[in-house]
Amino acid sequence: MKLLGLLSGLVVVATALPQADFDLQSSLLTDPTKVAGTTFDYIIAGGGLTGLTVAARLTENPNITVLVIERGFYESNIGPIIENLNHYGDIFGTSVDQAFETIPLAIHNRTEIVRSGKGLGGSTLVNGGSWTRPHKAQVDSWESVFGMEGWNWDSLLPYMKKIEAARAPNAEQIAAGHYYDPSCHGTDGIVHVGPRDTGESFSPMIKSLMKNANNSGIPVQKDLGCGVPHGISMILNDVHEDQTRSDAAREWLLPNYQRSNLKILTGQMVGKVLFDTTTTTPKAVGVNFGTHAKVNFDVHARHEVLLASGSAVSPQILEHSGVGLKAVLDNVGVEQLVDLPVGLNLQDQTTTTVRSNINSIGAGQGQAAYFATFNETFGDQAPRAHQLLNTKLEEWAKDVVSRGGFHNETALLVQYENYRDWLVNEDVSFAEIFIDTAGKLNLDLWDLIPFTRGYVHILDSDPYLRRFAYDPQFFLNELDVLGQAAASKLAREISNTGEMTQYFNGEAIPGNNLAYNATLDDWVDHVKQNFRANYHGVGTCSMMSKELGGVVDAAARVYGVESLRVIDGSIPPTQLSSHVMTVFYGMAQKVSEAILADYNATVN
């Protein structure tokens, strides 16, 4: 009966959406000459999560005109490959995946692929849909450490709740391992959030993992959206009750595309920002967009240009516009307009996998996350890890600057001391083990708090070639690789310990490739050759004080120019113990208010 009800809901959606989708498709602009030479109040470069959220918010005022320029197209209705979260990964390698390639990495001399959505909705089209929030101390540090007034947990939480249309789990889902604290969630928002449920029975393995953890004093079955993500619990997803993905285009564009003051241009990319340099401070007055060095156009902004192209692309747009480090710009022949550390401070995480075959008694659906503290991750090796934290920060900062991941050792040391405080004094979670029980016990895991820093920089003066170097410098910090190894070792241990032994039917990954009694150092050797990017890169246009290496201020305004902001995932100055969608949505709402405040001050 449960499965039948779910299927009937899916049929309703399948018959209800096509006309709206068709109307939206027909309303989108594909001819660049329709906007070339015209003027809008705001131009948004990128139609992803933050771009569409801010566009929807600004155009609530019918007097504000907005143009969104997106390289991709409307893809929300492409079918299960996007709409069904259980098809996660199937879309990779298609036209909806930007699939950025790193340079050959120093750790193993191979390139890695960084997945990122291309299309209206951005990475909300291709991600796993997980819905958690970071630790309070992490967001608080944006204000207390990095000088961003108004950026703390208490100020950001209302914005994160505002966008939610959250559903509490039902009794069966709670019995399987869900927990929901209504005080931490909003119910009147736009983004649908709730339990993922295929209609199948739930695996007993989640509760067995919880029982083992509880016996060790680790919290279980908690709401991971309340500011202290720690322990094991099933998690919410951005998904409708009928299990359709709640992506940004479906929620922020589909209801609003008919607004006469909102225009969406697809199939085009923003190459650079246009500046009026006749004033004392350069002022953004539009963008150059197109597809080719010989086929590009200008469009003008009456008030502001807003960059929302993501942590890999927004810094490239700035550099092509003359905003960045002189050495980088000189290398490609771009005249420097403003000196800022654009493209530095890149922080992404690394993922490895531990996978076990299971007996039939473990069968069933289920996804959960284990957010493990520093000491839980390292176990009896914690003293070794603490020794690194207590003795190596200055050396690490020097190494990062020498490799081009940051520009100032003293400023980077502030970041490192902040991270040490999180891990030692605040018990901020250091690793996440993501648990999936569908047909197996699959544990994907990552070190949440990397100390390494990388960069993204342009390699050509032509923005439409999109030639750039993306180097996250994975595992060039000894604590990063040790932490990844420790989390992997922990994942293997929890797969076949206590109550979990009854389900265990042999290990598939790493299996025979790594001895079962492998030491932590053996795991270090293993993870160096067996990892991928986690696709959570942040920091390349960091929001922090200029003295600490910031590119934008607390209102997301680019330092040293007027009428230009960066509003996407490149601005968080730190990594977070969370899946990042919730924070990006909250940021978009908060920055929208700053934009509107400046607009109202101008027109009034």
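Even glycines carry a Cβ here, placed using N, Cα and C.
According to Swiss-Prot, the feature signal peptide maps to 1-16, an assignment based on sequence analysis.
The Cβ of N127 (FAD binding site) lies under 8 Å from the Cβ of Y88, G117, Y535, H579, M581, each of which sits 6+ residues away along the same chain. DSSP assigns N127 (FAD binding site) to coil in the three-state reduction, outside any helix or strand. What Swiss-Prot records for L49, T50, E70, S123, N127, G128, S130, V270, G569, M581 is FAD binding site, and it gives similarity to another entry as the kind of evidence.
There are 9 other CB atoms within 10 A of the CB of N63 (N-linked glycosylation site), with all protein chains counted. Taken residue by residue with DSSP, N63 (N-linked glycosylation site) is part of neither helix nor strand, so it is coil. According to Swiss-Prot, the feature N-linked glycosylation site maps to N63 (among others).
The N-linked glycosylation site annotation in Swiss-Prot covers N109 (among others) and is backed by sequence analysis. In the structure as shown, the Cβ atom of N109 (N-linked glycosylation site) sits within 10 Å of 7 other Cβ atoms.
Around C226 (disulfide bond), the C-beta neighbours below 8 angstroms that are at least 6 residues distant in the chain are R133, D181, S183, C184. Annotation comment: Swiss-Prot describes C184-C226 as disulfide bond, evidence class similarity to another entry.
When other Cβ atoms within 10 Å of the Cβ of N214 (N-linked glycosylation site) are tallied across all protein chains shown, the result is 14. Look at Swiss-Prot and you will find N214 (among others) tagged as N-linked glycosylation site, backed by sequence analysis.
Listed in sequence order, the residues of the same chain lying 6 or more apart from N375 (N-linked glycosylation site) and placing their CB within less than 8 Å of its CB are A382. Taken from Swiss-Prot, the feature N-linked glycosylation site covers N375 (among others), and the record attributes it to sequence analysis.
Contacts of N408 (N-linked glycosylation site) defined by a Cβ separation under 8 A and a same-chain sequence distance of 6+ are given as P341, V401, G549, in order along the sequence. What Swiss-Prot records for N408 (among others) is N-linked glycosylation site, and it gives sequence analysis as the kind of evidence.
If you look up Swiss-Prot, you'll see N517 (among others) marked as N-linked glycosylation site, on the strength of sequence analysis. Cβ neighbour count for N517 (N-linked glycosylation site) (all protein chains, 10 Å cutoff from its Cβ): 6.
Around H536 (active site, proton acceptor), the same-chain residues at least 6 positions away in sequence with a Cβ under 8 Å from its Cβ are D348, Q349, Q575, H579, V580. Sequence annotations record features per position, and here Swiss-Prot assigns active site, proton acceptor to H536 based on similarity to another entry.
In the three-state DSSP scheme, R557 (O2 binding site) is classed as strand. Here R557 (O2 binding site) comes close to L564, R565: these same-chain residues lie at least six apart in sequence, with C-beta atoms under 8 angstroms from its C-beta. The O2 binding site annotation in Swiss-Prot covers R557, V558, and the record cites similarity to another entry as its basis.
Sequence-distant neighbours of N600 (N-linked glycosylation site): no residue of the same chain at least 6 apart has a C-beta under 8 Å from its C-beta. Residues or ranges marked as N-linked glycosylation site by Swiss-Prot: N600 (among others).
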So of L49, C184, V558, which of the recorded positions has the fewest other Cβ atoms within 10 Å around its own Cβ?
C184
Compared by Cα position, which of the glycosylation sites N63, N214, N517 is the closest one to S130 (FAD binding site)?
N214
Name the secondary structure element type, per DSSP in three states, that contains N408 (N-linked glycosylation site).
coil
How big is the Cα-to-Cα gap, in Å, between V558 (O2 binding site) and G569 (FAD binding site)?
15
For E70 (FAD binding site), what residues in its own chain, 6 or more apart in sequence, show a Cβ-Cβ distance under 8 Å?
G46, G47, G48, G51, G119, L120, I264, L265, T266, G267, Q268
All-chain count of other Cβ atoms within 10 Å of G569 (FAD binding site):
29
